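Colleague: From TrEMBL, here are the annotated features:
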type: DNA_BIND; residues: 18-57; note: DNA-binding region
type: BINDING; residues: 92, 93, 94, 95, 96, 97; note: NAD(+) binding site
type: DOMAIN; residues: 81-182; note: domain 'CoA-binding'
Ligand code: ATP
């Protein structure tokens, strides 16, 4: 199906991942069709908006039938580029890094950890979860092509900034930072920071706070 993406309003485009996730669940549960009312209920968008959004995709619901789930799903898959795999590199094959290498990201969102790096001689040259672990000193040798736009950082905090600088020099576009370090990067680079210790602490804080109010 050919479509001019520039014709889809931004507000509609923003709702696409929401629709997509819901339709995947529907499909997994074996449903063949869905009405705009059901969709509306699930994604909390009014059904007139859903019908208008879907008309941009060339999906016209039939009265008393609704929308064909398979059709919509294949449309969303194409539109959201979910058929394309994004390669990721992981730096720091410790406990957390090892867990990520064993975890199959590709099942959920079509990202694939293609290579990993560490400084520990015992880890260099091994494979973890099917992913080769290389010497961090050879980062520039291995990351030669432009096909790894994302890095996951699971190194000790004090190593994070200098590794980040090297990744930036290599043209990385986004970093998922699991270290407690705050990273300095040029504006065009996107950093998502996940500090697990802080997240856990804040959850515990909110639980305590909440239960105090209840007492
Ligand atoms: P975690 O559970 O946080 O992954 P860990 O306790 O297993 O960590 P850390 O000391 O946090 O181990 O180190 C994580 C990984 O990063 C280890 O495999 C270690 O060899 C590696 N590492 C340590 N320093 C550096 C560095 N400067 N550059 C790259 N990797 C490093």
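Including glycine, each Cβ sits where the backbone N, Cα and C put it.
Those TrEMBL annotations? Automatic predictions, nothing curated.
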Colleague: Mean pLDDT for the DNA-binding region (18-57), as a whole number?
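Modeller: Reported value for the DNA-binding region (18-57) is a mean pLDDT of 89.
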Colleague: Under 8 Å between C-beta atoms and at least six residues away from its ends: which parts of the chain pack against the DNA-binding region (18-57)?
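Modeller: Same-chain contacts beyond the flanks: 3, 7-9, 12, 65-70, 72-73, 75-77, 79-80, 82.
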Colleague: Could you count the residues of the DNA-binding region (18-57) that DSSP puts in helix, in strand and in coil?
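Modeller: Helix, strand, coil within the DNA-binding region (18-57): 29 helix, 2 strand, 9 coil.
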Colleague: Around the NAD(+) site formed by 92, 93, 94, 95, 96, 97, which additional residues qualify by having Cβ within 8 Å of the site's Cβ center?
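Modeller: The surrounding set, listed in chain order, is 98, 99, 100, 118, 154, 155.
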Colleague: Around the Cβ of residue 97 (NAD(+) binding site), how many other Cβ atoms lie within 10 Å? Please give the count over every shown protein chain.
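Modeller: The answer is 25.
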Colleague: Far apart in sequence but close in space: which same-chain residues, 6 or more away, have a Cβ under 8 Å from residue 96 (NAD(+) binding site)?
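Modeller: Same-chain residues close to residue 96 (NAD(+) binding site) (Cβ under 8 Å, separated by 6 or more) are 154, 178, 196.
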Colleague: Reduced to three states, what secondary structure does DSSP give residue 96 (NAD(+) binding site)?
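Modeller: Reduced to three states, the DSSP call for residue 96 (NAD(+) binding site) is helix.
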Colleague: Just going by other Cβ atoms within 10 Å, which of the binding-site residues 92, 94 has the emptiest spot?
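Modeller: Per-residue Cβ counts within 10 Å for the binding-site residues 92, 94 bottom out at 94.
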Colleague: Compile a sequence-ordered list of residues in the same chain as residue 93 (NAD(+) binding site), six or more apart from it, whose Cβ lies below 8 A from its Cβ; state 'none' when nothing qualifies.
Modeller: 101, 116, 117, 118, 120, 123, 128, 133, 154
Colleague: Run through the Cβ atoms and count how many others sit within 10 Å of the one on residue 95 (NAD(+) binding site).
Modeller: 8
